[in-house]
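Contents: one structure, followed by commentary.
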Amino acid sequence: MTWTSHFPLSGMTWQVRANCQHFHKPLGRKSFLCFRWGRYADNLVRSYKYSPLTFLPLTLYEQFQRAANFFFLLIVVMQVCGFISCSDEVYSVTADLLLLCSTEPHSLLFACPCVEIHTYINIYIKSLSFLGVVWCEEPNGRLYLFRGELHWRGQSHLLDIEHMLLRGTVLRNTDTVYGLVIYTGSDSKILRNCGSLKVKKTWMERFLNKVVVTIVVCLLTVALLLAVGCGLFEHWVGSKIEVLAAIRGSYSPAYRGFLNFWGYIILLSPAMPISLYITFELIHVVHCLQIGWDIKMYWEENEKPAQARTTSLNEELGQVGHLLSDKTGTLTQNRLIFRQCCIAGHIYGQSPLDLSWNRFSCGGLQFSDQRLVDRLLQRNCPETLEFFTALALCHTVMSEWKDGLPRYQAASPDEEALVCAARELGWVFLSRTRDSLTVSELGFTLHYHLLAVLDFSSKRRRMSVLVRTPDGGLKLYCKGADVIILERLRKGSPHQESTEQALEAFAQSCLRTLCVAVRCVSEAQWMEWSHALSQAAMATTHRETMLEEVYEQMEKELTMLGVTAIEDRLQEGVPETISSLRQAGVKVWVLTGDKTETAVNVGYSFTQTYTHIYQIWDFRIDDCLPIQMTSVLEKERNKKKLSFIILLLLFDAELTKTPEMGGRFVALSNQCQSVLCCRVTPAQKAEVVELVKKNSSSVTMAIGDGANDVNMIKTAHIGVGLCGVEGGQAVQNADFALAQFSFLRRLLLVHGRWSYRRICSFLRYFLYKTTCFALVHIWYSLYNGFSAQPMYESWFIALYTVMYTSLPVQCLGIFEQDISAESSLNRPELYRVGQKQELFNPLILCGTLLYSIYTSIILFFIPVGVLQSLDLDYQTLAVTVEMSAVFSIILQTRFWTKYNCAAVLFSLVVFFLSSVILHSPRLFTSFPNDYIFFGNLLGFFASFATFTHVIVP
């Protein structure tokens, strides 16, 4: 039978003959090429945020989280406004594939998925016309796991993640691949990991939301009081005056008060104008552009400028209290250099080196020790030869040849550094097939039969290869973390004590270490273990656990060969950056998977001011832990400026599950200058960030460069991704992107501090100018019988926020600064203003609103007092107050630039020109009901001249 699947928008049709037998399997799903049961997702990848059906409710839900929008809706309804919006769709035909074959001779290829899983595909099927059935597990988001079976030609083949090409994979070493579609559309693993959209809100936006609610409540209260005043005035005064009684007509005082209540709401609505949020967002966008335009945060090596990937978190860059950073690739360059090694108890790497004899040398080896080369060439040290054989065989590197020399594609920088070091010293990895490895050992080409690869994982922290040597023997080569390898050594293993001393010495030098070991395997052991491996591999339940147990049986009784020491240098400017941030009051936490000794010495490399180091070596799950932690916390609580070094093996065991312990832990950590969390997994990094967020009021920032930092970046208030060598996942999920860690100093101390200061000034200024503008109507109500008559001309009310004062307030929010960028970097202590929220808090806001009340009193009562003595009319009073309100816009600007000057000048010119035009006789003649201020501006100047003549005769 032939099944056919049509890809939407692609114009392609794939076909394959498949056996359609249906029988029950616990894996739960049968898949043919592009054939899908109806209850699974189609291949339409929906990457839009809204659909035509959900746009309106989702948009309303998001927008009405801002309390001001409820008020704006009321004004919109009352003033009859409309809203139109749209959405779009993006289609994709990508899917998760089971690789069948490729054009690479041995059907091997190097797969670099967007999720940074590096796998080697070795399933091989010669023809696409095959009779077979594929069983696979239900769609899930487990990126590193896949379980399935391929039934073909009467045989059952186990499938795992190594046979899969996930959506977004980039392939190398091949021109064409043929695959079987397993998961499509939203069922693909990468989309299952996307999660729901998280909208980050700043503290200032949440506080502004409360301010808006308060202002709206006050506005409604004032409108109600003025409406009551209107009813009382109509009842007590209006009924006794014939003219007022005629104007009121047959309406009762209560009804007049009811109508004036809504009139006052509209009249006072400029106190919370819709343009507030529009201008707020515009200023955020400009701040983001300023970050990208900063040439001092541009990295020429990779041509990457700084990038703001969100437009809503700028002000929080000036309020960061906790910086939680990854180490490898973030603080360090992630360009690993093979520096030293320990073989058979001897440490090498401290003397000059001559490699002119090696025709495969590509250069770049920064390892120096001629003694090692002499021993290799003399072949008089078996351990040394075995050590480099292990480096050349125990890996998953792919080779390609350029200019007659081997070049390597590795899943990790560590593997590449080790294989390249072995190449430079004469053990050259040449090529691999599905079941063989070819190595040149000091010029002699040898072929090893690859029997099994025991893969590396973050849980296992080691990898092994079982090979049959050219002489027919069986050997297991294993490399991994020191604590893992040391506990698997056979009793009486030689050089163990000297190797442990070397490990300590390398850690003191801030070098990353891996232990290398070997085991000789007998034929009987291989046959027994091979059978157990086949049984575990074919298991349909608990397969991973069974495989782990089988691996454990082989990876024991090891003999230590030596230790590799790789240097990962700190990035340029890291010590200075961390020092400046600490002076700025930022708590720096480093979260790393390294062992404690290495992390401590890396910490010393970027700061030498530690006053005390306290180490919690292990957080184990037992009954004594709460008591131990309590005693530790109580003992250390009163110590100031500690350096706190923590080994987090089972972090979530207690601190994240016991709120009290977590709070006390963070309280103690806040008394320390720095915190180093060692042996931390990617999941624990996010838990540490969440712990700090829950137990402190400071803004958290997480920075990393790899996919294992994504959860941490998403969890923090602000996430920063570095454009490193580990791919783009960190940047794609970050709020800000940088090329170097040192740029963080300028991002926070300059742009962050400026953004916080500018946005605070903008909000204070905006609330000041709008409230004092609106409050004038209240004072005028005392003179007009609470009739809701506006103080200003109607056109002035419409143009005040849009034309007369918009540009000055925007320039204030964009260009305002107290000191230069250089001074901000030289005086990091000024950054603490934002951490303490000194520029925008309830007290400052109350002062701003009181000042606006004071200003509104000045704007109204001084002109009233002066003009009453001259017996001038309402229109002259209105123009006087209007002009005073416009001139008050220059009072808040302190840092004058050419843009601020131009904005103020433009606003004043527009005000006078529009007033002359709106007060012209021609408009009054044509539209007498709309342009009632006939010739009033000129009359105002005449009255002003008269007043000046009276005061100064």
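All residue numbers here begin at 1 and follow the chain in the order shown.
Here the Cβ of each residue, glycine as well, is placed from N, Cα and C on the backbone.
Predicted, not measured: the structure shown is a model, and the values here were computed from it.
As annotated by TrEMBL, domain 'P-type ATPase N-terminal' applies to 39-86.
Per TrEMBL, the feature transmembrane segment maps to 67-86 (among others).
TrEMBL lists 207-228 (among others) with the feature transmembrane segment.
Here TrEMBL flags 261-280 (among others) as transmembrane segment.
The C-beta environment of Asp326 (active site, 4-aspartylphosphate intermediate), restricted to residues of the same chain at least 6 apart in sequence and closer than 8 Å, consists of Val590, Leu591, Thr592, Lys685, Ile703, Gly704, Asp705, Gly706, Asn708, Asp709, Met712. Taken from TrEMBL, the feature active site, 4-aspartylphosphate intermediate applies to Asp326.
Positions annotated as ATP binding site by TrEMBL: Asp326, Lys327, Thr328, Glu415, Phe456, Lys479, Arg512, Thr592, Gly593, Asp594, Arg679, Lys685, Asn708, Asp709. Within 10 Å of the Cβ of Asn708 (ATP binding site) there are 22 other Cβ atoms, across all protein chains.
Residues or ranges marked as Mg(2+) binding site by TrEMBL: Asp326, Thr328, Asp705, Asp709. Counting every protein chain shown, the Cβ of Asp705 (Mg(2+) binding site) has 30 other Cβ atoms within 10 Å.
The annotation domain 'P-type ATPase C-terminal' is assigned in TrEMBL to 731-947.
Summarising the annotation, TrEMBL assigns transmembrane segment to 762-783 (among others).
The annotation transmembrane segment is assigned in TrEMBL to 795-815 (among others). Within its own chain, the transmembrane segment (795-815) has Cβ neighbours under 8 Å at 270, 273, 275, 279, 282-283, 286-287, 758-759, 761-762, 765-766, 769-770, 773, 878, 882, 885-886, 889-890, 892-893, 895, 897, 899-900, 903-904, 906-907, 910-911, 914, 918, 931, counting only residues six or more beyond its boundaries.
If one looks beyond the transmembrane segment (839-862) by at least 6 residues along the same chain, the residues whose Cβ comes under 8 Å of a Cβ in the stretch are 204, 207, 211, 756-757, 759-761, 763-764, 767-769, 771-773, 775-776, 778-780, 791, 833, 881, 884-885, 888. Residues annotated as transmembrane segment in TrEMBL: 839-862 (among others).
Sequence-distant contacts of the transmembrane segment (874-892) (same chain, at least 6 residues past either end, Cβ-Cβ under 8 Å): 761, 764-765, 768-769, 772-773, 776, 791-793, 796, 800, 804-805, 808-809, 812, 855, 858-860, 863-864, 867, 904, 907-908, 911, 915, 932-933, 936-937, 939-940, 943. The transmembrane segment annotation in TrEMBL covers 874-892 (among others).
The feature transmembrane segment is assigned by TrEMBL to 899-919 (among others).
The transmembrane segment annotation in TrEMBL covers 931-952 (among others).
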Looking at Cβ-Cβ distances, which residues of the chain lie under 8 angstroms from Gly593 (ATP binding site) while being 6 or more apart from it?
Thr328, Cys678, Arg679, Val680, Thr681
Using a 10 Å radius around its CB, how many other CB atoms surround Arg679 (ATP binding site)?
21
Among all protein chains shown, how many Cβ atoms are found within 10 Å of the Cβ of Phe456 (ATP binding site), not counting that one?
20
